[in-house]
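Heads up: the structure comes next, in structure tokens.
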Amino acid sequence: MPDAVGAIDQGTTSTRFIVFDRRGTIRAQAQREHEQIFPRPGWVEHDPREIWRNTHAVMREGLARAGLVPGDLAAIGLTNQRETALLWDRRTGEPLHNALVWQDTRTDRTVAALARDGGRDRFRAVTGLPLASYFSASKLAWLLDHVEGARAKAEDGTALFGTIDSWLVWNLTGGPDGGLHVTDVTNASRTQLMSLATLDWDEAMLGVFRIPRAVLPEIVSSSAVLGETRDPFPGVPVGGILGDQQAALFGQTCFAPGEAKNTYGTGCFALMNTGPEPVASTAGLVTTVAYRLDGRPPAYALEGSIAITGALVQWLRDNLGLIGASSEIEGLARSVEDNGGVYVVPAFSGLYAPHWRDDARGLIIGLTRYANKGHIARACLEATAYQTREVLEAMERDSGCPLSELRCDGGMTVNDLLMQFQADILDRPTLRPKVSETTALGAAYAAGLATGFWKTLEDLRDNWAVDKRWHPHIAAEERRALFAGWGRAVERSFGWVEENA
């Protein structure tokens, strides 16, 4: 009898395969990084073939490390970086171009032109999203208009569009030999092409972006048996797909309206479950689908997205050379008592919620001769906490629900200094679960529910437990002064990129 569930966690910088037992405990995992491609300033690409090769490899490695064979897996779930868009040839399986990553801003002009007629919120009532280069629609439009032959192939059904989940499921289930061309409601809700009301592709949105319907995948539930794997090993049910942040919400067992989590990874993302009806945002958040279990109504969510958090640490490592490894940042930040008046605004590709400013760019401000690399490192960590507070305050205004605590997950939660400062600047406790990799866990839960490995949502709640809790300990006046300084720094990042630049 199968006694484990596997989860593919395909992220912005790496791909992992994690094997979970019935208690939601990690039995084994494998991970491989992939190249970040920067052809021009503001352009960010991934090689889809490299991502598939890495997925293939980590699935085999992870299963072997767990001491299991494919028949020991009750199901495989998939979670993925969202919005990242690609086209491939259904006959050969070859991508027509590198994938355009969610951070990519090459379509800023297209988005700005659309916003001139009705503003950035002109499609929010339909899609829940503001106009931004962040989402997939403008990326797909760019591929169709700039890749030779792409539009003709899309119109005759030769080319297929997908976010990364679609690409991987297609390859897992046969590729050119009958692979499934699907995406789940959470990923579809991030394309800016799906109606939140119907959970189907919206004809008006397809018209706006000139997208032929033939190129689009079928939209399916987040937890449902879709088919079986054929590669790298056969016969395991593919039972769940969730965009990475919705997967983390599911893994944190935020199944009731008002429950929220924040994931700290390459970017930072807060989501709150709002129940079976979408809640419109007036505070710069997006309305999205939280998940949909097979045969049930969907659950919706409010989300605030921060583009650069963990990626800022990578930038310190790779571009500035201030640290040799990402794990060194906490020690460097602890070498000073405070930020020394230094603030880092990591608007490398603009600012997301609640500002939505494509014209913002990164800055380091407040420098004096006193400042050193420790202050810069500390300011980089603090930037994550400040941005999180901005998003959570917007979430409270929209939902009318004050948050009593923040459930945290993702790779950066191992940084105790960051977690303590997060509690300090929020003035509320932050909690880290025993299984911090809740993104992969959420995908495993969705797949396991679909196959009956777990019977109910309460089974999943019973697995959740606190590993560590941080309580705020700074004075109110210090908190106010720190956050006011952040606000001044953010304002100075606006307007750096001119529309005709």
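Glycine is no exception: its Cβ is also placed from the backbone N, Cα and C atoms.
Listed in Swiss-Prot:
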BINDING   Thr12, Thr13, Ser14, Thr266, Gly310, Gln314, Gly411  ATP binding site
BINDING   Thr12, Arg16, Thr266, Gly310, Gly411, Asn415  ADP binding site
BINDING   Thr12, Arg82, Glu83, Tyr134, Asp244  sn-glycerol 3-phosphate binding site
BINDING   Arg82, Glu83, Tyr134, Asp244, Gln245  glycerol binding site
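Recorded residues Ser14 (ATP binding site) and Gln245 (glycerol binding site) have their alpha carbons 16 Å apart, per Cα-Cα distance. Of all Cβ atoms in the shown protein chains, 17 besides its own fall within 10 Å of the Cβ of Thr13 (ATP binding site).
In this structure, the binding-site residues Arg16, Glu83, Asp244, Gln314, Gly411 were compared by how many other Cβ atoms lie within 10 Å of their Cβ, and the smallest count belongs to Gln314. Under DSSP, Arg16 (ADP binding site) is assigned to a strand (E or B) in the three-state scheme. The ATP site is set by Thr12, Thr13, Ser14, Thr266, Gly310, Gln314, Gly411; from the centre of their CB atoms, other residues of the chain with a CB within 8 Å are Gly11, Gly265, Ala311.
When Cβ neighbours within 10 Å are tallied across all protein chains shown, the highest count among the binding-site residues Thr12, Thr266, Asn415 belongs to Thr266. Between the CA atoms of Thr266 (ATP binding site) and Asp244 (sn-glycerol 3-phosphate binding site) there is a gap of 11 Å. Nearest Cα neighbour of Gln314 (ATP binding site) among the listed binding-site residues (Glu83, Asp244, Asn415): Asn415. The maximal spread of the glycerol binding site, taken as the longest Cα to Cα distance among Arg82, Glu83, Tyr134, Asp244, Gln245, is 15 Å. Residues Thr12, Arg82, Glu83, Tyr134, Asp244 are recorded as binding sn-glycerol 3-phosphate; their most distant pair of Cα atoms lies 15 Å apart. Cα-Cα distance from Gly411 (ATP binding site) to Arg16 (ADP binding site): 13 Å (rounded to the nearest whole number). Compared over the binding-site residues Ser14, Gln245, the count of CB atoms lying within 10 A of a residue's CB peaks at Gln245.
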